[in-house]
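Participant: Structure in structure tokens, see below.
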Amino acid sequence: MEQFALIIFGVTSNLAKLKLIPALYDLEEKGLLSDQSIIVGIARSPLSKEEFQKYILEVLSTENRHHQHDTKPAIVKSLVNRMKYLQGNFEPQNNSDALYRNLKQFLLKQGTSCNNHLYYLATYPELYEKIFSSLQKNGLNKKNQGWVRLMIEKPIGHDLKSARLLNRLLKRYFSEEQIYRLDHYLGKDTIQNILVFSFGNGLLQPLMNREYVDHIQITSSEDFGIGKRGGYYNSVGCLKDVGQNHLLQMLVVATMDPPAEFSNRAVTDGRIKILKQLEPDPKNIIFGQYNGYRYEDNIKADSQTDTFFALKTQINSERWRGVPIYMRAGKKLAMSVTEISIVFKIPANRMFPHHSLANRPNTLTYRIQPNEGIALEILTKRPGHKLQIDNDLMQFCYSTKKNTQADAYEKLIYDAISGDPTFFNDSPEVEASWAFIDQYLKRNNKLHIYDPGSWGPEAADKLIKADKREWIEPSLALCNFSV
Ligand code: BG6
């Protein structure tokens, strides 16, 4: 791996605490950060070297429940040793020239060991322009020797228009190849595995079309509320928070055509193609809000923000036309589970038509989390003398593997350092997803209140029942060996 400097704007932000610093620890532990590489953290507070180190140690302490495993003192030490702190206020109204001059000086001082620069913006999008222009002013946005890359994550706009504006702003300072727009769902092992499972094996592709598939469902439910994120969450709502990005990414990965090769361009184009073929059905969207949301911190008593949505769509292509796709997501629901289910048609000539289970379709489930795995629901013969039929799961479970899954942020930071944008979104992809979501936002839809701990408003059940189908209750047995 090349030497690089990772510069984190907002090193004391929630994102840095919860995701970035733990991911950097994991990279350090796996020996994936080259010896001379450095990490520069920038934030507003005037922190001494010792205070910054104390902060990093706290973030990596066992009390940080987001860092799922114990840390080794020697690894923490080498991570801390490569981390430097620069104080600076990068708010637009502040004169932060000194910060960028210091940054430039600091990077220059590292000499050739630091020719490659990766900026990670763990800040509000409102600050981007000021940061970009200051980097440019100091000659820090491009380089003759080495590379400069930029990582940003959602929200990439709040609709198509604003996403286009942001993309235009980005391109004023950086070329498309320099920009890594991150949707952490694309970094999840369980989502990347869908590509291997469906294109690496020969059995699935011949079945993945309207002749064999009855419908597709995606559920992304969380059993917790918005916590302390009221300020942000209330300005977006569920459809924009996870629908425009995570759920659409799951859908496109599960339904895309086999790319001609496993390259960034081919895989990204495959995803974009599906996004462009998606046919919005704005009459079929239900927005919900959990009872009690309006009492959460920073939420107004008359908030109309959605904490749940369920929608219907289809892919308008030769392959998929007529196969309904139902997606739902929400907070404070019955359980935390994310999965994609491909429900196959029941053939007319199925054997054992009189058996009670004869109406159960074969369903392929990609369980993104928890109890991660891939399962196919099938009928089997119950062992014994009589011919009796059981409903079973054929499954691949991550828990049976020796290697643990790498965290999505860990993988994506590594990809950006390695210059591999396959699992990042380019500007056409972001715009295609907003073009689709915008159609559902245009309608002034009713907001349905639902009870915490339920599966969302009844109207969401009606949406799917109108097609004589039902939401699949995620299986507790899937990859769960304790039941
Ligand atoms: C974030 C959303 O992007 O994704 C959160 O802002 C959501 O509201 C989270 O909870 C879900 O991510 P994960 O990886 O925990 O499923």
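Each residue, glycine too, has its Cβ placed from N, Cα and C.
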Participant: TrEMBL has H184, K188, E222, K331 down as binding substrate; which of D159, D241 does it also list for that site?
Facilitator: D241
Participant: Going by DSSP, give the three-state secondary structure for H246 (active site, proton acceptor).
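Facilitator: It is helical.
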Participant: I'd like to verify something. Among the binding-site residues R44, K188, D241, K331, which ones have a C-beta closer than 6 angstroms to some atom of ligand 1?
Facilitator: D241
Participant: Among the binding-site residues E222, D241, which residue has the largest number of other Cβ atoms within 10 Å of its own Cβ?
Facilitator: D241
Participant: Check each residue in the chain of K331 (substrate binding site) that is at least six apart in sequence and keep those whose C-beta is under 8 Å from its C-beta; list them in sequence order.
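Facilitator: Sequence-distant Cβ neighbours: E222, F224, G225, I226, C238, Y290, T307, F308.
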Participant: In angstrom units, rounded to an integer, how far apart are the Cα atoms of K188 (substrate binding site) and H246 (active site, proton acceptor)?
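Facilitator: About 11 Å separates the two Cα atoms.
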